[in-house]
Amino acid sequence: MAGGKMKKDKPQRGSSAAASNPHFQGGISFHKSKGQHILKNPLLVDSIVQKAGIKSTDVILEIGPGTGNLTKKLLEAGKSVIAVELDPRMVLELQRRFQGTPLSNRLKVIQGDVLKCDLPYFDICVANIPYQISSPLTFKLLAHRPLFRAAVIMFQREFAMRLVAQPGDTLYCRLSVNTQLLARVSHLLKVGKNNFRPPPKVDSSVVRIEPRKPLAPVNFKEWDGLVRICFNRKNKTIGSLFRQKSVLSLLEKNYRTLQALQLSEKATSDDMEMALDVSALGETFGDLSMDADDGKDDDEMEVDDGDAKRSDFKEKVLAVLKEGKFEEKRSSKLAQADFMHLLSLFNKAGIHFS
């Protein structure tokens, strides 16, 4: 089931509600506020399954199966389907739909919140999800071990375009950078709102996500710490961002703490090899506009005033930017390799972001 942030539906009364209300199917009412939008176009369902590249030996994970329109096609294409559904009414409908059919023994239904439950092994994920969980779900999937082959997911169109955005694109943001660090992402299909029952207020897109193997050798918490600063105002120069009092205070605190602990070069190296915490990258992506530039000029930002207490550390930070020629560059134009290089320069100077 797909969805966005919708107003709650008014309750229906009377025995004719199911017949007169397009939010009903098979006697079940759909709650738009919960992101329940059923994919009704059979040609589109077929197209999604075809583009997913499902193998007959695949264990398929489906999230938010609803009444089973997509589930049926997935069962026919793969070895088995694990369907995770929060709504107990939909679980019963799904079980009823396939009960007594040859497909029933290849369907496992898990009732619960996909963000809270432990996911079993799967080869590929194909899903039409509630849009409210897009970010945390994306990163939960990318944190899943063992890594799956691919995920083909229906997202709100703007979110999808942020996932695939490249340096210089208007929608290029922290979400783009973090996702593409972990996976190859490609846009497959644009889907109009009228393909759903009830129709959402926004268009959708189907995106393919393929986890990178192997992953980049980087501390993901520290990576996100750097990228978070850089995309706070993505159209400002990197130099102006790192002159802010709040940024310098944070980095200096980390720097002094590490010095106090007498962190050796070997310990730093070991820390870079810490267990991945990929799912944490998705914890703060709730608002699609979070990375939008706020329009302030550089001289309106909270710039460090040159306090003597902090001046030495400030010069150390600026020296890093000068060494990599990052002072006049802007985050909106930087590629993965640029952020990786900037992080390595800061770490070489003993400056860390977590």
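Cβ atoms are placed via backbone N, Cα and C, with glycine included.
Record features (TrEMBL):
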| type | residues | note |
| --- | --- | --- |
| REGION | 1-26 | region 'Disordered' |
| COMPBIAS | 1-10 | compositional bias 'Basic residues' |
| COMPBIAS | 13-23 | compositional bias 'Polar residues' |
| BINDING | H37, L39, G64, E85, D113, N128 | S-adenosyl-L-methionine binding site |
| DOMAIN | 44-213 | domain 'Ribosomal RNA adenine methylase transferase N-terminal' |
| REGION | 289-308 | region 'Disordered' |
| COMPBIAS | 290-305 | compositional bias 'Acidic residues' |
Least Cβ-crowded entry, counting other Cβ within 10 Å, from the binding-site residues listed as E85, D113: D113
Among L39, G64, N128, which are binding-site residues, the residue with the most C-beta atoms within 10 angstroms of its C-beta: N128
Local confidence of the prediction over the domain 'Ribosomal RNA adenine methylase transferase N-terminal' (44-213), expressed as mean pLDDT: 96
